[in-house]
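Okay, so here's the structure we're looking at.
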Amino acid sequence: MGGERQHYYGKHGTPQKYDPTFKGPIYNRGCTDVICCVFLLLAIVGYVAVGIIAWTHGDPRKVIYPTDSRGEFCGQKGTKNENKPFLFYFNIVKCASPLVLLEFQCPTPQICVEKCPDRYLTYLNAHRSQDFEYYKQFCVPGFQNNKGVAEVLRDGDCPAVLTPSKPLAQRCFPDIHSHKGVLMVGNETTYEDGHGFRKNITELVEGAKKANGVLEARQLAMRIFEDYTVSWYWIIIGLVIAMVLSLLFIVLLRFLAGIMVWVMIVMVILVLGYGIFHCYMEYARLRGEAGSDISLVDLGFQTDLRVYLHLRQTWMAFMIILSILEVIIILLLIFLRKRILIAIALIKEASRAVGYVMCSLLYPLVTFFLLCLCIAYWASTAIFLSTSNEAVYKIFNDTACSVAGKTCNPETFLSSNESRLCPGAHCQFAFYGGESTYHRALLGLQIFNAFMFFWLANFVLALGQVTLAGAFASYYWALNKPDDLPAFPLFSAFGRALRYHTGSLAFGSLILAIVQIIRVILEYLDQRLKAAENKFAKFLMTCLKCCFWCLEKFIRFLNRNAYIMIAIYGTNFCTSARNAFFLLMRNIIRVAVLDKVTDFLFLLGKLLIVGSVGILAFFFFTHRIRIVQDTAPPLNYYWVPILTVIVGSYLIAHGFFSVYGMCVDTLFLCFCEDLERNDGSQERPYFMSPQLRDILLKESAEEEGKRGEVEE
């Protein structure tokens, strides 16, 4: 181009013209989208300020360690509750409030205790018996037995009833279990309430079941955490195996691209075939076993997912899903067999490009490190913001009172004017929050925190895409490969991206971040509207979610190709996006049948690695195989490490294959530009390799012939 601006006319723009001075990525370029670069820097400064404010006001120990109603930690050294490690709730039923998940606090009085209750006892029976000393340890600190029973229960000085409890995450929860099909608490089935009446314990269970959702969620979270603590090193070993397999696959792809692609296709078919066979064997094995014919609908949701593996219907569903995938893949391979040959040629060319820029395989580590920094800063800031709330106490009174509902200080309330105005009032813990400007702005700060995470994460990904595109474009536009290739193409591309195009990367990632934060807000609104019966609102919300999902996919596709044009020509984001879009539209058939076939092949490669590591993890964590003398640790849910290994393996494989994917996309755009600029003559030779030229030009001639026949 030689600095000449490209003017596009017509429906899909004007094809590129021959330029003898164009030799690949332009080095004489200027800064682009400077305003967006300034906005990004200002946003980062504001983000740092939000983090400092959050770290000043927040206390993440509220998430890890329990705190009583006065905001004091239980069991921490150097505090008056040092010997009281467990948190006791006066009324556990109030923990069913959804605010618990947002504020990490149940709206009921809580105290730190040495141990959880181990018996049934009511205050009415205990305050005049020898059990009072035992009962007293579950009352508020400093409680004196100088009030009547009604006054004590009214003021919330003591719980009305104690039930057998067990500690979980340093918190006392009712010991609810099943005995011969009957839900029980502890080892007894009756208790006396605060008025001396004996009731069946199932009534207490019914009350506690109101908090069942929160309790089950906490128990599930703690069991999952326990599984991670005993299996983390095996998870790391599984991820290392996935990394070694991915690296080995990429290296072999460099030298044996054609063979590896066909081996990959065959292996994916075999892995899915084995999955179908294994599901059928499990389905046949369960025939005749008691309870195996129960349907999934009748069983309902169970936190212990192992229960589903004892149902024949589960294995039948797995077998059907895998069979459908197997048929779809085989049909695609049959209909795309010619396109696969062309895609293999493109992958071979990409393998040669990666071979000349081998350090590109290590660049995903840089992206991974930067993304970890973004995630760590976002998570820590979110936790500090969530724990910035303070214990709010308000005045409660059973009768009309002018100061009822106002905030108060429990330490000075008895000597304050409010207590004299309302003699029967008491200062009681209300909730965790705050009424200052900072506390009212917490929701907005959380949204800003999420928005900045999306913006920075997308910026990191964009930086990686521009860097790799610049390096691989240098390879393609080198006429004599590898003699004309720059000394350090990857580092040169990285430097150009940061020096000249930080603003363009910020612009593209900003657009994507705005769409993503809108999708998050829509998900939040959708959760709030689930209880509503307005079908039109639900329909509208579903349409909006679908539209923004499609918009995000389109913007990702457009950004990716725009970044390639930025890496080559050094133009601003809007110009690059327009040029890339018109170039793809002028080659829409090739985009549909060639570029996407390579994506399909890379997806098969990821599935092969993930499937292999997942099967290995399944056999190991279900104790079906042993590694040397070691065996899998005992787990609450063996699917926890298996899913972690599978997800981690996919991310690792995606990181390695993303290099090849970016290489293929870059070479494809360069190929389309090469066809428009040059004609293959000695004066205007093609920059593509002879092998790629023979296959792609032959395919292009066939496409033109078919198009001519259709027009006739």
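Yeah, the Cβs are placed from backbone N, Cα and C, and that goes for glycine too.
Features as listed in TrEMBL:
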TRANSMEM  32-55  transmembrane segment
TRANSMEM  232-253  transmembrane segment
TRANSMEM  259-277  transmembrane segment
TRANSMEM  315-335  transmembrane segment
TRANSMEM  355-379  transmembrane segment
TRANSMEM  450-478  transmembrane segment
TRANSMEM  498-522  transmembrane segment
TRANSMEM  562-581  transmembrane segment
TRANSMEM  601-623  transmembrane segment
TRANSMEM  635-657  transmembrane segment
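With a cut-off of 8 Å between Cβ atoms, the residues of this chain six or more beyond the transmembrane segment (601-623) that come close are 231, 234, 238, 241-242, 245-246, 249, 261, 264-265, 267-268, 271-272, 274-275, 329, 340, 343-344, 347, 631-632, 635, 638, 641-642, 645-646, 649-650, 653-654, 657, 660-661. The recorded stretches the transmembrane segment (32-55) and the transmembrane segment (562-581) share 3+ CB pairs below 8 A when only pairs 6 or more apart in sequence are counted, and are therefore in contact. Ranked by number of Cβ pairs under 8 Å to the transmembrane segment (635-657), the listed stretches 232-253, 355-379, 450-478, 498-522, 562-581 are led by 232-253.
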